[in-house]
Amino acid sequence: MKHIRNFSIIAHIDHGKSTLSDRLIQVCGGLSDREMDAQVLDSMDLERERGITIKAQSVTLEYKAKNGETYQLNFIDTPGHVDFSYEVSRSLAACEGALLVVDAGQGVEAQTLANCYTALDMNLDVVPILNKIDLPQADPERVAAEIEDIVGIDAMNAVRCSAKTGVGIDEVLEVIVDQIPPPEGDPEAPLQALIIDSWFDSYLGVVSLVRIKNGVLKKGDKFKVMSTGQNHTADRVGIFTPKQTDKTELKTGEVGFVIAGIKEIHGAPVGDTLTLAKHGAEKPLPGFKKVKPQVYAGVFPISTDEYENFRDALNKLSLNDASLFFEPESSSALGFGFRIGYLGLLHMEIIQERLEREYDLDLITTAPTVVYEVLLTSGETIYVDNPADLPAINNIEEMREPIVEANILVPKEYLGNVITLCIEKRGTQVNMVYHGNQVAVTYHLPMAEVVMDFFDRLKSTSRGYASLEYNFIRFDPADMVRLDILINGDRVDALAMIIHRSNIRHRGLALVEKMKELIPRQMFDIAIQAAVGSQIIARSTVKALRKDVTAKCYGGDVSRKKKLLNKQKEGKKRMKQVGNVEVPQEAFLAVLKLNE
């Protein structure tokens, strides 16, 4: 056991995490040079295209150290993006140490900091590593000082390496062996294994990635999942070298996979504990905190007969992504679909792309909303994540919106732009600290403003240098109202949105104008109105198409023309009473695009 090292790598996006892991695999001979592929661990197409890591992966490597001993290194890859911080805390729970990789040109960024604090809270040993020293703009001295100043760990003797050229990789491996402690645990105790991740394989059923904390799991053992109490037999156990390699047993401290032919999707929830069916452990391991979705959106299949496939796809996806939440929803305009909860907008985009790619679905998404806390006049408090569920205005005592604490790291010269942006988004400044050339600003911002387009705007006002990390802190009373869109006097539920009272005029007008362009003309006038409660704040009319009924009159009396025109008017009036308007799909998409 003292030759096992479990570690993960924490880094900001693009600081070279995945490349460094490729090098470690290559040096330790996990794959032959022919199979070596850039970003081996980012196995999803989407991860490669966007160049980000989304899912945690694991690899077991053998390393012969300079002291002549052979060590087993279990390396768990983690994502760096703020929306996937949950995946990170999960990976860290299985480790004893973490490598903090910092780009020697860019320096410390907000996410690095957030994930690093998560690691320190879990009592992991954090080892700093300066990467990309081959770049001309690399300044390892400055960055080392920055790490000490901002993060507060000693970085003067930090290993300097370049994952791209392979310089300093051996030193990295030595540091892992020297500075990261071996796992603790009792091989004789009853089995306790933590499920770090699980995914669905159409041939094998559920595959779970586990970290053995105590005891041993052998092939053929009967084990039980502690939260569900169900028993299964371990058909195969093994490790990833990144290839799946079968073994006869997983010992204490090791990280590997278990396949038990579990067919039903929620058979092995992530964060759960496995133990043996006979002499099992008394209590489960402390898992992870369940994440609450921050953003909700209704997602509907474009053709209604895809509803079943859509449900299956969501079930399979939620196994692999523990933070996904969904419940069925129906809309009079869009038919049947699901209300899905996400951790943030990037998460939402990724999930939607994965559904469209991996499961071949055509989907339409309504505007994203956050969760509001609503105090009713009856004294009870409810949580609303769908604008259509908001009670009538006269039943609401107080609306409270979620507030996030946003930590922004930005170079001095862009500070002004960032502050202007935060004020525009109704933020209040809490703190500001200068660290050398960087400034750390803390703001309290309404989450609704953050999820819309804050991140993109932040990047563009700071030329991409600012970095953001945010978490939910509390609900604050706010003057929020529901903006409804009425078409010929009927509310269209899928177009409703909850916004701040100061924005309603501007938003209502823009929406109504946009809808006017998109709704095709009918044989009668269509009134498009934006309303708050019973008060109409904006209106426009799609004019009717009409036939020229007076064309056949040559001269003659005006009363003849009047008669024909009045007859046409009567007809249009009757038509309007029975006619109903189809709202085209583009109109729903337009509402989303309006924020841009």
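Any Cβ shown, glycine's included, is placed from N, Cα and C.
Per Swiss-Prot, GTP binding site is recorded for Asp14, His15, Gly16, Lys17, Ser18, Thr19, Asn131, Lys132, Ile133, Asp134, and the stated evidence type is sequence analysis. In the three-state DSSP assignment, the secondary structure recorded for Asn131 (GTP binding site) is strand. Residue density at Asn131 (GTP binding site): 31 other Cβ atoms are found within 10 A of its Cβ, drawing on all protein chains shown.
Feature annotation from Swiss-Prot assigns domain 'tr-type G' to 2-184.
On the 0 to 100 pLDDT scale, the model's mean across the domain 'tr-type G' (2-184) is 72. Counting only residues at least six positions away in the same chain, the Cβ atoms of Ala104, Pro140, Arg160, Cys161, Ser162, Val167, Gly168 sit under 8 Å from the Cβ of Ile133 (GTP binding site).
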